[in-house]
């Protein structure tokens with residue numbers, strides 16, 4: 001069962017986020033560590049910082065390849081930079097790509113992303129804050145800001161680094177006195193649990209965590225027809241673009257093609273222009289090789305004859321803006337020579353130039369929980385509908401003069417959270433994806449609805465992720481006519497648990513919201529009956545059990561209910577517990593005696609009989625238990641509409657290990673819900689949706705509930 005403390009922490013986090021905590025200028029203090037306060041403590045006490053949250057030792061290194069008994073970690077010593085060199089520096093002469101040399105860890109994907117970051121000083125210093133030094137106010141403590149699943153976090157580290165034979169074990173700088181890159185790698189390892197968790201990944205993962213952007217990947221051999229349009233729009237938005245040529249064998253790595261392009265090498269795309277060439281429009285693309293001096297020698301390369309056949313003013317403009325390592329080529333040659341294109345679209349807060357057009361961005365958090373919201377993909381029609389649902393209202397079509405299609409562009413990015421951290425306990429990436437459906441007419445304009453199984457059985461998706469894949473993120477750019485749509489994110493298989501964020505980027509303003517039920521209860525007025533309305537047989541049974549005082553205690557109620565339920569052989573039940581019976585007495589007891597009289601017991605019994613009818617209706621396979629996936633519909637039949645978060649709590653509390661719900665747990669859930677709703681309504685007499693209570697009232701409610 002989810003601990004109450006976990007729920008309370010989630011509520012607190014939601015409130016802080018609503019107040020702007022997690023934005024780049026107000027980053028979350030990771031593990032509640034305050035860099036400035038910790039640094040000041042160390043300065044005042046004259047000590048160097050040692051991080052208690054990420055101690056320098058075997059667990060920080062890893063669990064398998066870098067585990068405590070691995071040959072790779074034998075002889076490792078943790079040392080501060082001042083123990084390695086005489087004059088350690090944080091950054092020497094500005095951050096450059098030569099500051100990042102790989103060590104004994106397979107995290108080249110991360111280092112390539114850090115290297116690309118050095119090309120954009122403004123973005124770099126969002127991640128690597130100014131004012132850090134091994135000289136002025138040095139206290140052995142540093143900090144970095146990294147984007148993690150929808151929010152920026154400020155990560156504190158000490159400067160104890162793993163070494164072997166007096167040299168850094170992992171990333172290091174070619175400038176041996178410089179340590180910013182090694183400390184950034186340590187901060188990233190801390191976020192993910194240990195260094196080993198960083199092994200293996202995609203450069204786009206690092207791009208996103210250092211910018212807060214969203215990545216798209218294109219196979220240029222199967223590119224969409226409007227690939228040039230996509231590149232042009234991405235550059236207009238200030239996106240980071242990278243391209244590469246696939247390697248087909250180990251011998252291809254860094255191999256140079258006939259026209260001087262390097263295989264397996266990361267290039268940047270920096271411009272896209274149209275020129276008039278011999279009376280026809282020619283599309284040109286500018287490429288940058290950030291690591292070396294090898295440049296393209298084909299058409300439109302430096303000094304090629306094509307430049308003689310365009311307007312001199314165009315030639316001067318295009319060639320004046322060139323930097324070292326940059327070259328132009330035709331878009332046709334680009335598509336033929338290169339294999340892959342990666343686009344990292346920056347969110348508005350990362351763009352500072354006013355002339356850049358911007359995505360409109362919405363971020364949602366969600367969870368897949370076994371038994372309540374982990375329905376799997378469309379191949380699982382019985383459970384697909386229980387996945388979280390998010391609505392997008394596309395209001396305006398794109399502004400594309402050359403495009404006659406009335407359509408809206410938007411990008412959907414689904415990212416699973418914290419899976420690297422799970423590697424230590426055998427977890428890894430789930431296979432994830434999403435589908436997009438048009439909202440039915442009857443549900444348009446409403447957020448307080450969760451589309452049910454029948455809708456998905458009758459309707460096909462309008463779009464979906466290109467594939468379900470076991471990467472941290474899957475994203476696709478989609479074009480659809482203006483209208484209302486829902487996005488259903490899911491794992492490929494049902495019952496897989498994970499947290500996720502869903503990001504929706506639209507070119508024009510749009511309305512996006514989670515599609516979920518409005519919490520409500522259809523509570524009928526209390527049943528009005530008198531002793532004269534009760535059958536004689538029921539009275540006699542009650543009198544035999546209640547005795548002379550004509551009231552039954554919690555203990556007697558347990559005996560009665562379990563005796564009656566035992567007669568229903570079609571029900572699987574462990575019987576009602578004492579706590580369950582206490583909750584029932586709490587619901588029905590009007591005089592505060594903690595006992596039930598004849599009329600109170602009759603009303604309770606009538607409720608249980610009506611709930612039994614509902615339970616049998618949703619025990620679809622007549623097994624005597626109800627699937628927790630049907631719990632949502634059963635609760636609605638009983639008058640209760642709950643949102644996804646509440647359903648997850650209900651299933652965690654009342655379902656068994658196989659996600660089944662037996663009759664006694666079903667009744668206990670309904671008793672609890674009715675008690676809580678009735679109490680809330682009694683405290684919210686004006687119907688404002690808010691109840692105010694003092695500490696004593698709060699404790700009475702929670703202790704009795």
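Heads up, residue numbers simply count up from 1 along the chain you see.
Here the Cβ of each residue, glycine as well, is placed from N, Cα and C on the backbone.
Record note: among 326-341, 518-533, 518-533 is the stretch given as region 'Linker' by Swiss-Prot. The secondary structure of residue 289 (active site), as reduced to three states from DSSP, is coil rather than helix or strand. Rounded to a whole number, the C-alpha distance linking residue 289 (active site) with residue 108 (active site) is 18 angstrom. In the predicted structure, the region 'Linker' (518-533) carries a mean pLDDT of 81. When Cβ atoms from all protein chains are considered, those within 10 Å of residue 265 (active site) total 19, not counting its own. When secondary structure is read from DSSP and collapsed to three states, residue 265 (active site) falls in the coil class. Taking only the Cα positions, the spacing between residue 108 (active site) and residue 265 (active site) is 12 angstrom.
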